[in-house]
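Participant: Okay, handing you the structure first.
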Amino acid sequence: MATPRSRKISRFASTTQASNPSSPSSPSSPCPEPVSHARPEQSTPLNEPGPSRRTTHFGFRQVPEEEKETLVGGVFSSVASNYDLMNDSMSLGIHRLWKDSFVKSLVPRLPPSRHSPGNEIWQPSFKCLDVAGGTGDIALRILDRAREQYGNRDVEVEIVDLNQGMLDEGRKRVAKTMYYNTPQISFTHGNAQSLPSHIASNSIDLYTIAFGIRNCTSLPAVLSEAFRVLKPGGKLGVLEFGKVGNPLFAQIYRQYSFSFIPIMGKILAGDSESYRYLVESIEKFPTQEEFATLVQQAGFQTGQLREGKGGAWTDFTGGIATMWTGVKA
C-alpha cells in the first residue's frame, strides 16, 4: 500500500485498513461459532465481493468506494488556497491556454444583450453548469467570453463543487470582478454524481467540467447526471489530463510528473503527498478513446472515435490535456 497522502489523508487511510474485511491485519474471530441446527442464511461467497467490498482507485491505492470522496476532499482542502499555483506547476502555466481554447470552442454565438429598466426581472438566455469548478476559473472565462465577444450579459453560470474550500476560493475571486453580487454567477455545494435537486432535468444549455472528473468515484454516474440536466441540443464539455501519444515525450512527461511536481508541491504548498496523488490520478484516468466511449454510452452524440476535427476529442500539447465534447440529442 502506498504512503498516505497527508496528515488528513493518513487518518482516513488507517480507517480504510481497519474497516476492510479483507485486510491482512483484520483478526479472525477468537471464539468458535456455536452449533446451530437452524437453516443457515444465504451469504455472499468470499470470492464474490458484496456492496461493502466494492473498491475504487485513489491514486495508485485501492480504497472502498464510499471512502474516496472523503479522501479526495482532504486533498483539495489541502491545495485549495494554492490551486492556481498547483495548476501552473503541473502544466508549466499552459493550463491557461487550454482553458481559453476549451471555453472558446464551447460558448456559441449569442445575441447581444438589451439594456432594460431596473424594474424588469432578469432572465438568463443561456444557462451553464460548471461542475467541480469551485475556483471559478472556467465560469469567469465563460462570462467574459459572452460579454467581450458577443456583448451578452444574459448568461448564467452555476458552479457546483464538493469541496467547500474550493468554493470559498471561488467566491474570493469573483468578489474582485464585475460579476460580484450579480445573478450571473452562483456557487453551490454539491456532488457531480448526484447533482442538487434544484437543478432540474433538461434545464442546462452547457455543462462543463475541467480537471475534476478524474477525481470522481464513478465516471458513468457523472456523465449520466450531465445528460439528465442538459436540454435536448445542450452540450457537454470535459477538459482533463489525457495520455501523451508520442512515446518519447510520454516518458519525459511522466518523469517530470512523478519527480518534479511532488517536489514543487512541497516547496510551494508544503504538501508533496497531495500533489503526488494528483499525478497518480492522471495515470489512472482512461485513455482518450476509452473516455470518449463512456461519453457515448451515457447517451451523447460525439464525433468519430478519433482525435481532431470530426473526432470525439481534441488533444492539447501532444495529449497532456484533452477536451471531449458531446451533444444531447
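Even glycines carry a Cβ here, placed using N, Cα and C.
Caution: TrEMBL annotation is automatic and unverified by curators.
Pasting the feature list from TrEMBL:
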type: REGION; residues: 1-57; note: region 'Disordered'
type: COMPBIAS; residues: 1-10; note: compositional bias 'Basic residues'
type: BINDING; residues: T135, D161, N191, A192; note: S-adenosyl-L-methionine binding site
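Map these features onto the structure and tell me what's around them.
Facilitator: Long-range Cβ neighbours of N191 (S-adenosyl-L-methionine binding site) (same chain, at least 6 residues apart, Cβ-Cβ under 8 Å): E69, L162.
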Participant: Specify the count of other C-beta atoms within 10 Å of the C-beta of D161 (S-adenosyl-L-methionine binding site).
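Facilitator: Result for D161 (S-adenosyl-L-methionine binding site): 27 neighbouring Cβ atoms inside 10 Å.
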Participant: Return the count of C-beta atoms lying within 10 angstroms of the C-beta of A192 (S-adenosyl-L-methionine binding site), excluding that atom itself.
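Facilitator: Taking every protein chain into account, the count is 24.
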